[in-house]
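Colleague: Sharing the record's features from TrEMBL:
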type     : residues  : note
TRANSMEM : A:30-54   : transmembrane segment
TRANSMEM : A:85-103  : transmembrane segment
TRANSMEM : A:109-127 : transmembrane segment
TRANSMEM : A:139-161 : transmembrane segment
TRANSMEM : A:213-233 : transmembrane segment
TRANSMEM : A:264-285 : transmembrane segment
TRANSMEM : A:297-323 : transmembrane segment
TRANSMEM : A:343-362 : transmembrane segment
Amino acid sequence: MATAPGKKPVHDERLTDISWLHRAMRRPELGAVGGLIVVILFFAATASATMFSVAGIMTVLRPAAELGIMSVTAALLMIGGEFDLSIGSMVAFAGLIFGVLLVNLHLPMILAVLGTLIMAGLFGALNGQLVIRTKLPSFIVTLAFLFILRGLSLVGLKLATGGNTILSGVAPAGKPGFADHLFSGDTLTGLFSWLTAHGMIATLPNGKPSVHGVPISVVWFVTITALATWVLLRTRFGNWIFASGGDANAARNSGVPVNRVKTILFVCTALSAALVAIITSLDTASTDALRGLQMEFEAIIAAVIGGCLLTGGYGSAIGAFFGALIFGTVEIGLTYTNFDSDWFQVFLGAMLLIAVMFNNAVRRRVTGER
Amino acid sequence: MSDLPLIEVRDLRKQFGHVIALAGVSLRVHAGEVLCLLGDNGAGKSTLIKTLSGVHKPTEGEFLAEGKSVAFASPRDALDAGIATVYQDLAMIPLMSITRNFFMGREPAKGVWPFKRVDFRSCDDIVHDEMRRIGIDVRDPTQAVGTLSGGERQCVAIARAVYFGAKVLILDEPTSALGVAQTSMVLKYINQVRAKGLGVIFITHNVRHAYAVGDRFTVLNRGRTIADAAKREIGIDELQTLMAGGKELQEVSAELAGMV
């Protein structure tokens, strides 16, 4: 399109000529933003107004953030050309490790968190190394770990609790410290009580504010998305991610350390799953063997809705952010409507299908595939 | 043209187990010279390129870069010595932007860790300028490489090697998959690169393309140099004959009334 003969612009500053619309069309997250708008409009029309109150929005954001933390790293890994199907099971497994360190071994919060992250990181590195060394598709290798980790979580929980598959009492011992505030509770509580005092947030019948603050998971979600986007678009490592997923061979020929990039990305997906495990365990003061069930698929679907290609080399972290928001909005939003909330699954599949078809069309446009 | 060749190999041999891929190849390329390396399939062109670019180590023979004996352990070493190879598959990623491809693996980073970043906007400007210099109108360096024509892609790959300081360019069949207009674009660019004082090793099996830009011609057959001549010493028909190893092609050529 740029080189149609006889149509060359004469002046020199052509860089600014590309229309805003054309640029927007080329962004991978376009579909997800559009999808979110459609979904919000749908619920604006069908759901009760409380869904769009501050309290309602926080209810939507919490599950969206928990999924989103994982979908952003899953998106990076997909752009890098690999899948990680083990992250859902990793949530249960990391929850188990965290629970045992905190409850059974009575470690301080900070050590329990570090221990959990290190363990998860090691499994991520193992996934990556297995994929690289065996040259098997990551789909298969991590599918194996989907079962291995889920099984280990069940067995481990029974060992740790003497037969149960739920470990309760996962809460900081004594007065919450700095580490506790990083992984549990709400933030901006001051702002929220101020807003309540000024009548901008509804109060419960007993006079307390209906919502205390922004869940900490939302803060992590936004921070991780911002960080991932910066890395992807503004750093060498980001360029290497695109290159590794676009064509690993070409990348290697150009001096990109493809194996290192992929291993780091596998470690990141495992770490994000562990982070979700820590946050949700503290949130519910327990961990169980079914934590994170099917979240690997939801994370991948959110990434795909966000514009990631299944073949790698293309996508965005912001797209996965919006993909996760769509998820949370629909999952929670349905409970504010008269629809059966089990429509969620139907929606999920349909959304995935539409997203993949849309992405393929966009790819053809972007690459000028003829 | 300086007298010291940028690359000189003498009686280069390469064996893979029992297979003798190169059985004594000699060639020289000077600054500001296009050396065309001709040979039919299986003549040893690929092995020779890979040896020159540091992928393979020669079994025997001399390999001099600017008069000094060298032994490359990896393609990186060859690159550091100023020998850049543009492979047939180009090492380009269609989904990535021209700029991101151009700087792939050599992104200029600034700032201190952990805030090290790449200024892709100024990279876009560099790419835009570099491409305009060679007469390719890249309207938008952020557009994906996949939207470029084959000839343009080839030129981007060559421009990338030149920009990163290559003294010798090894071009592996750069025109083999291109149409007429695209081919002339690439040949024109090879001409420009020579004018800049780089040495070019142009691998092809198309004698016409070779004769259009070549200063010297080295013909390989069955792992050996069978001819090495300057342009004034050899004609296009003679080259064709040498390259095809004689009779067969001439017969075909006669049948097709000189169309090959």
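Just so it is clear, glycine is given a Cβ too, placed from its N, Cα and C backbone atoms.
Because TrEMBL annotations are produced automatically, they should be read as predictions rather than curated entries.
Just tell me what is around each of these and how deep it sits.
Modeller: Residues 84, 86, 90, 93-94, 97-98, 101-102, 138, 141-142, 145, 149, 172, 177, 179-180, 183, 263, 266-271, 273-275, 277-278 of the same chain lie 6+ residues outside the transmembrane segment (A:109-127) yet bring a C-beta within less than 8 angstroms of a C-beta in it.
If you look at the transmembrane segment (A:139-161), the same-chain residues 6 or more away from its ends with a CB under 8 A from one of its CBs are 83-86, 88-90, 92-93, 95-96, 99-100, 104, 123, 127, 130-131, 167, 287-289, 291, 296.
Residues 66, 69-70, 72-74, 76-77, 80, 82, 84, 86-88, 90-95, 98-99, 113, 116-117, 119-121, 123-125, 127-128, 131, 168-172, 180, 183-184, 215-217, 220, 224, 237, 241, 291-292, 295 of the same chain, all 6+ positions outside the transmembrane segment (A:264-285), place their C-beta atoms under 8 angstroms from a C-beta of that stretch.
Tertiary neighbourhood of the transmembrane segment (A:343-362): same-chain residues 28, 30-32, 35, 298, 301, 304-305, 307-310, 326-327, 330-331, 334, selected by CB-CB distance under 8 Å and a gap of 6+ residues from either end.
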Colleague: To the transmembrane segment (A:297-323), which of A:30-54, A:85-103, A:213-233 is linked by the most Cβ pairs under 8 Å?
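Modeller: When the Cβ pairs under 8 Å are tallied, A:30-54 comes out ahead.
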Colleague: Going along the chain, which residues at least six beyond the ends of the transmembrane segment (A:30-54) come within the CB cut-off of under 8 Å?
Modeller: 24, 60, 192, 195, 200-202, 210-211, 305-307, 319-323, 325-326, 329-330, 332-333, 336-339, 351, 355, 358-359, 362
